[in-house]
Structures are given as structure tokens and as C-alpha cells.
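Below is one structure, written out as C-alpha cells; the observations come after it.
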Amino acid sequence: MEELDALLEELERSTLQDSDEYSNSAPLPLDQSSRKESNLDETSKMLSVQDSTNPFPVQLVYTTNIQDRNVYSEVQEPKKSPPPAKTSAAAQLDELMAHLSEMQAKVSVKADAGKKPVSENLDHKASLDSMLGGLEQELQNLGIPTVPKGHCASCQKPIVGKVIHALGQSWHPEHFICTHCKEEIGSSPFFERSGLAYCPKDYHHLFSPRCAYCAAPILDKVLTAMNQTWHPEHFFCSHCGEVFGTEGFHEKDKKPYCRKDFLAMFSPKCGGCNRPVLENYLSAMNTVWHPECFVCGDCFSSFSTGSFFELEGRPFCELHYHQRRGTLCHGCGQPITGRCISAMGHKFHPEHFVCAFCLTQLSKGVFREQNDKTYCQPCFNKLFSL
């Protein structure tokens, strides 16, 4: 149809040029010629009166009779020139248009009315090709150039009308189509892949990277993380939903988390304060500790010697460990690490289990008690017997 449009345009242009040759010529005034002849007659009469012997030249005198009625020439209204007779190309064009209208009416018939035989369609096609060829020949005979602009890469036929240059080839506009959906691309934008043309929709659907979150094609900016591609607005914390900033992200079980939520959810907790351990830490008692949190559970002093005592899951210094265990010497108040003597509900270093009066060591284990103090028998008798 594009070839037909181009041929019609050339034919119309040639018809307009032919019509311009029939121009309207303005008629001469009615009495212009008669007035000119009368003036010449009068002039010739006056010249004949002159005396050839008179040395003085005779001047011509023109008279005008004002009583005569003024005569004006009348200009006729221009008339349209009759249209030129139709050429054989125009007649053939009319026949072609009628034939096309008939074919279009037949195509619009409902499908359930039955398809026409293939031979009839081929006859119409052959007839149309023949008429197009004849029209092209007539235009050439009229001097109208019909040189093709190349051959269509799809149908391999000459291109006379509109042409599209793409992929290093020439195409009829209706033949330059998307490789996938077969829709006409025409002069619209398209994408090329492996020498084939695709409309933007199909190209993105087939070849654009997919967002790992929404699975939709990524058309603009793409973010690559965790061996996947994402829309920038879809790469956010799996817990709080905030988009990651310059601080980056942490990965756990193939899910991204912001630093705050990752540490709160997955970082080891301090055995003292139960907060996430972020930087320096101590490992003791099968858990981790902030250095400032690993102290005695009673006096909160750090373990400068590097040793501690564990009781009920908490660290203690030696003194408070023995105090809670009840293993402090009742005499000196220091922890008992070796042998001990238990008496009066207390524990003593052997050397500190002595008489409260004479300080004699009660090594034999025989003693007397008075007011929570230990005495040997002689001192007890001396001090408390009547």
C-alpha cells in the first residue's frame, strides 16, 4: 500500500503541472484598437495640410470633443479552464481504486461466511500486481521518475514510497516488525540484539535483568548484590524495610539486613549486659563479654591477674567466691585454699584455729566456746569458772 500511495502522489503532482498550462488570458478592450486607428487617421490628415514651402514647422494640435460619451472597455470575468482529459494512467488509477475498494469490502465479510478459495485470492493478487505494474509504466511514460529506493530486506521487493533504514538495511515501514511479537515498529524506537529488532517491551521482557525482589525487568538503574540484581528501591533490610545507605548491609541466610538489625538479631550477646558485642570482646564461660562487663559479680572489680572464679554462671574474684561458698577463714577473713578446720559453723585455717586468750593453736581439736570464740581448756577454766 505504501508503493500505491507513492505512485498516487506522483500522479497527482503531474496532473497539477498539466493543469497549470491552461492559464486564462485576459481579453483586449473592446474599443482600444478602433480608438488607436482613428487617432492615426486624424494625425495623417493634419500632416497632409502642412505647406511644404513654409519654413516654419507646423505643430500638431489635438482636439477632444467632450460631448462624446466616454467609452470604457469591459473585462470579462475569468472562466475556469476545462480539466484536461484523463490520461490512460488516471483512468487506470480509477480502475485500481475501484478494485481496491471491492477487495476491502470482501475482506470485511465475517469469517463464518466461509473462506474464499486460494486460487481466487491469487487471482486478485496477480491482478493488483499487474495494475500496479501498468500504472508504474504509465508514470514513466509521463516522465515521472519511479526509481525504487532500495529493496526491502523482508519481502525483497523494490521500495518506492516511504523507506526505513535500520540494521544496515532498507525496509518497507509495514515490514519492519518486532522479532518476537511481530508488531510493526515503523519509525518507533527499537532495540537490536544479534542483528534482530525488538520492540522495547519485548526486549526488556526477554533480555533485561530481573529484580530479585519483584521479578520484574529492570529498565533503568540496576543494583548488584548477593550475586543478584535489584531495583535500587527494592534492595532494603529484610527486618525493618529501610533502604540501605552508605553503611552497607549484612547478609544472613541469603537475606540482607541493616547493621542495627543484624547486630540486634544475630550478633553474640554480652554475658554481662546482654547487648550485642560489636568490637572488642572477651570469651569466657562459653560466652562473650564486653571487656568492661567482665568483672566480679559482687565488687565489680576487673580481674587484673587474669584469673576468676565461676559460680552460678557469673564470674567472681577469689575473695567473694569463697565468701559465697562459705570458705573464708573465720579467723583471718581470707580464703581457705588448702586444709581447713570446721568448727562452730565456720571454717578456719589450721594455724588460725587458736585460743582467743592465749592464742595457742588448738591443734588437737579440743576447745571450749564462749561468745562465739574458742578457748583452750585452761584459759576457759581460768576466765569463766566460778
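Here the Cβ of each residue, glycine as well, is placed from N, Cα and C on the backbone.
Checking Swiss-Prot for motif 'LD motif 3' across the ranges 56-67, 92-103, 104-115, 152-163 points to 92-103.
Swiss-Prot lists motif 'LD motif 1' for one of the ranges 3-15, 237-249, 263-275, namely 3-15. Under DSSP, the residues of the domain 'LIM zinc-binding 1' (150-209) split into helix, strand and coil as follows: 11 helix, 16 strand, 33 coil.
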